[in-house]
Amino acid sequence: MADLEAGMVAAATDQGNSTRSQDDAATLIPNSGNLGSSNRSTKTARFKDDDELVEITLDVQRDSVAIQEVRGVDEGGSGHGTGFDGLPLVSPSSKSGKLTSKLRQVTNGLKMKSSSRKAPSPQAQQSAKRVRKRLDRTKSSAAVALKGLQFVTAKVGNDGWAAVEKRFNQLQVDGVLLRSRFGKCIGMDGSDEFAVQMFDSLARKRGIVKQVLTKDELKDFYEQLTDQGFDNRLRTFFDMVDKNADGRLTAEEVKEIIALSASANKLSKIKERADEYTALIMEELDPTNLGYIEMEDLEALLLQSPSEAAARSTTTHSSKLSKALSMKLASNKEMSPVRHYWQQFMYFLEENWKRSWVMTLWISICIALFIWKFIQYRNRAVFGIMGYCVTTAKGAAETLKFNMALVLLPVCRNTITWIRSKTQVGAVVPFNDNINFHKVIAAGVAVGVALHAGAHLTCDFPRLLHASDAQYELMKPFFGEKRPPNYWWFVKGTEGWTGVVMVVLMAIAFTLAQPWFRRNKLKDSNPLKKMTGFNAFWFTHHLFVIVYTLLFVHGTCLYLSRKWYKKTTWMYLAVPVVLYVSERILRLFRSHDAVGIQKVAVYPGNVLALYMSKPPGFRYRSGQYIFIKCTAVSPYEWHPFSITSAPGDDYLSVHIRTRGDWTSRLRTVFSEACRPPTEGESGLLRADLSKGITDEKARFPKLLVDGPYGAPAQDYREYDVLLLIGLGIGATPLISIVKDVLNHIQGEGSVGTTEPESSSKAKKKPFMTKRAYFYWVTREEGSFEWFRGVMNEVSEKDKDGVIELHNHCSSVYQEGDARSALIVMLQELQHAKKGVDILSGTSVKTHFARPNWRSVFKKVAVSHENQRVGVFYCGEPVLVPQLRQLSADFTHKTNTRFDFHKENF
């Protein structure tokens, strides 16, 4: 090793030394240039000792030497690791320490030779310190470096310079790009302030004082921003913060970049607490109180990496699953097209067998009824005049009777809730699709109306008017001795006008029930906007009372049927109508008494939390929902909300997000009676009435509650493993599940026990859940306040780690993006020193950007082999196709089964 050091020093100082021993020749491989030049230059040399080969690139100046790059290379000369740009020095971890030790000796030799001529300059000392930092990088931190500080992300960078050049041509003015448009040009939309700071830094480094860029200058900027070397990216980031270019970051400069990063990521609370976080960074990186930090200090903090144990576990899981998936995929590729389509068909039946048999039965009944009535009228005398028009009209009428009766059953909420909670019928009937089935039946009604009314109005009546006297003779028992004089005679008759009115009312209700109108998605300029929305949907849907009344009349006054037992409309409708009316009466009596308000909180993101006393005899399951009516807002409207409390809690709670007129007015009414929170409380406004202060209670409006009602999420009890995914306010039913699991853990000391006595009087069932993964994705940092108490409770009481919480803030750019680099650093530092997350304010660490859902499923699959996992999602529909597909893929390609359930949100 002494020969290695001596050879290196000699190469750095003596250009003329060309004779070496054979041993030295084996150690020093010819370099790329003169290491002893008086001018500044970059030189490269390769060294070999035993089986290790390393290439070192030096930045040589008159009085200092700095390592530019350190790379491990193989015998053929190709590199298998780097040092300067953050890659591992050698691939095998066992060699890392030995090689690092040798490199340190080389560095020390260089410093000693340089100092023999002159005392070490501050620059040389900083270089040596930087070298030691780089040589100490672990393999995991090098991996972090590869991903870190990306100024141009893969989403933008994959398009390359061509895309940037195209945007330049679109945004340029007189051949130059304005400073204010720099961010948009390089793909940093929405981060204009951050992009301007980048512009200023790059321009300052090049001595550019103008506020515009030419295309060549922009390309130069772009090449620096897309440099793949971590140290170069670190220098770019450091220069952006170091505005006076003195090589040091003061507390004020650190504060500015914290505020800038917080603004770019829409994190207002971090921006407000910039002073506090600046002090935290300076305390960590400047322990001697020099008043500044240097680049190598910042680098050390940026390169913090996850624990090696976790990394090894993840790697093992990933490789294990990848092998299984590869084998499965390989077998799929060898399939013939016929076998492939057959397999896809079988997969479809496996996933949708409940829906399939119900839909098959429904369609079969409709077809059978149509054919039965069609054949019946095909053999009657009226067929001789009206032909296939009357058979079509009567066949469609029979399906209409059936569907008008059936369409009421999916909305009998109390009946469905009782059946799914008390019986095993839910094992074969897809109760979760009740609303979807209601819509399908409504579509069947629309088809039946079109065929029935269309055939009568356009074919049957005209044919009867133009029938010969001989043909009409057979119709006299039905239409009278005198032939109808005109078309109007049919329309103004009882059968005619009742049918026309029903068609008009159903058309109105059907149109305003469409999502586009029900959710009021019309533009403000559209004159129909005031006529749409939930209220329009709710009131027009209640026109069914008139429709069913007219249907009874229409089905009684028939032209071609005189005997009562042949008028079958009432037979179809009797039971469903009685059942539905009974439900409405039950709801009326059950929701008569108001609930007591115990606590109110108004949170960021326009969320109102209401904590109420339980109505007498009120029992529910986690995942269910209730209807709420506030008479101060509207005396008629009921709105559904998921229950966020657990069955074992002594209160009933809901979290309501403002989305329309009714919820906006409700929030306003309760906000007026609240106060600002005291220290230690969350929310914007609060009111705690649990101590029974009657004068304060009187200020709150009266609330009526109806429910509970069954929902897909209540089926979580069927699974040992849960994957709960909530998007925004969609986390509400899942929070109740998390609290219920926690209550079982707290009450019994472990899972696998029976459910609380208060939740049901039925026979107790074992509590199945052994593991729960909860992923909550939200755009706003303030959203974490909604359920801060629950997260703290889980952290404190779940000692066995049954519940795994993952919070994701999607407004923050993904880890590795330069815009979020400082936020990630702050989070790691805050969590390490204080155990508190900077966004949620709890011990639950927040992740940035959206989750990689494939990786999430991968983790669960390898952790729970040969088990059924219940995947429960509640949120906007945008994520449903992806999660459904992933559930199917991992079910088919691993030995873990994923059952996907979606809330009707």
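Counting starts with 1 at the first residue shown.
Note that Cβ sites are derived from N, Cα and C of the backbone, with glycine treated the same way.
Owing to the predicted nature of the structure, the values given are computational and were not obtained by experimental measurement.
Topology check against Swiss-Prot: TYR487 and MET825 fall in the same compartment relative to the membrane. Secondary structure of the region 'EF-hand-like 1' (172-180), assigned with DSSP and counted as helix (H, G, I), strand (E, B) and coil, comes to 2 helix, 4 strand, 3 coil. Residues in the region 'EF-hand-like 2' (206-217) partition by DSSP class (helix H, G, I; strand E, B; coil) as 4 helix, 2 strand, 6 coil. Outside the transmembrane segment (569-586), and at least 6 residues removed from its termini, the chain residues within Cβ reach (under 8 Å) are 401-402, 404-406, 408-409, 411-415, 548, 551-552, 554-556.
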